[in-house]
Amino acid sequence: MADVEQNAAVPDGSSNGSDAVNGTAGRFVSSAEGTALAYGSLLLMALLPIFFGALRSVGCSKSKNASDMPETITSRDAARFPIIASCTLFGLYLFFKIFSQEYINLLLSMYFFVLGILALSHTMSPFMCRVFPAQLPNKQYQLLFTQGSGESKEEIVNYEFDTKDLICLGISSVVGVWYVLKKHWIANNLFGLAFALNGVELLHLNTVSTGCILLGGLFVYDVFWVFGTNVMVTVAKSFEAPIKLVFPQDLLEKGLGASNFAMLGLGDIVIPGIFIALLLRFDVSLKKNTRTYFYTSFLAYIFGLGLTIFVMHTFKHAQPALLYLVPACVGFPVLLALFKGELTEMFSSVYMTSLINPVISRD
């Protein structure tokens with residue numbers, strides 16, 4: 001997925017698109033403290049949606065709303081995903097080369113404005129349930145769209161929500177307007193964190209084997225598009241959408257108006273994250289009151305991302321994070337399972353689909 005990169009000029013409302021791709025003139029040289037703060041913040045921001053998204057993934061199948069039900073990724077989906085992702089990435093690259101970057105990003109901004117509001121609202125919902133005053137009425141609502149009539153009536157949308165959800169939607173809309181008008185990096189990160197957490201929570205791998213297929217395919221995808229071409233880096237710099245987390249390396253010198261960013265693509269969070277969440281559900285299925293595989297894979301992710309940042313900083317070149325994350329996140333839990341004699345059980349196709357609410361795989 002999108003690479004880890006330093007010194008990326010991410011435009012806000014005051015800079016144009018060419019500055020984002022070619023902006024090297026007058027580049028600010030970051031201090032060691034500012035660079036360390038940026039890298040540390042990116043690492044922390046990457047860990048938050050993985051940890052909380054994995055915890056929420058365990059119980060999300062109990063939701064009554066169809067929109068909150070997890071989407072199961074099968075081995076067939078996993079095998080096709082790198083091909084689809086490659087076609088999408090190269091298509092975006094051609095679009096940015098042929099058409100005006102300004103108009104493309106305007107359309108993308110409106111698209112992600114809507115998605116970001118919904119994602120942030122869903123992310124805030126559990127917190128709002130805890131802080132919502134008990135003395136205030138919490139009215140229930142239902143959004144229902146049907147097709148046909150009588151016995152042939154078919155539900156298209158059936159979404160239940162309440163006053164707390166409307167408050168979350170209002171707060172998220174304020175962030176959305178802020179992002180559209182200013183393209184501020186904090187608003188970008190709020191949406192990015194919400195996308196990542198929702199991805200980890202709602203995208204479920206059905207087996208560890210499927211996870212290995214997905215991560216293995218994207219390992220090759222990431223290495224090829226970063227080291228083999230300039231496509232990934234060009235799209236990441238040109239794409240003005242909250243598909244990456246950014247943090248300024250010159251924050252200490254320029255404050256919130258800083259413009260010299262380090263970035264981390266959301267794919268480098270969500271893809272390993274859904275595998276880590278899978279291992280948490282495996283821990284739960286063992287019924288041993290331990291989270292050994294979850295914590296092992298979580299620590300492996302920290303090691304892999306830290307190694308990515310170290311190599312990138314040493315060689316001053318954008319790095320495909322999955323090159324380091326995939327071996328770490330897959331290798332350490334598999335070695336642990338081999339040591340504990342649970343390798344066969346880990347790769348079983350049963351526990352992942354029957355842990356909470358059974359999901360029938362089409363494989």
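Cβ atoms are placed via backbone N, Cα and C, with glycine included.
Heads up, TrEMBL stuff is auto-annotated, nobody curated it.
Per TrEMBL, these features apply:
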- 36-58: transmembrane segment (TRANSMEM)
- 78-96: transmembrane segment (TRANSMEM)
- 102-120: transmembrane segment (TRANSMEM)
- 187-205: transmembrane segment (TRANSMEM)
- 212-236: transmembrane segment (TRANSMEM)
- 256-280: transmembrane segment (TRANSMEM)
- 292-315: transmembrane segment (TRANSMEM)
- 321-339: transmembrane segment (TRANSMEM)
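Packing against the transmembrane segment (36-58) from elsewhere in the chain are residues 4, 6, 30, 70, 126, 189, 193, 196-202, 204, 245, 247-249, 251-252, 261-264, 268-270, 272-274, 276-277, 280-281, 284, 294, 298, 301-302, 305-306, 309, 313, 355-356: each is 6 or more residues past its ends and has a CB under 8 Å from a CB in it. Here the listed stretches are 102-120, 212-236, 292-315, and the one with the most C-beta pairs under 8 angstroms to the transmembrane segment (78-96) is 212-236. Against the transmembrane segment (212-236), the recorded stretches 102-120, 187-205, 256-280 differ in Cβ pairs under 8 Å, and the greatest number is found for 256-280.
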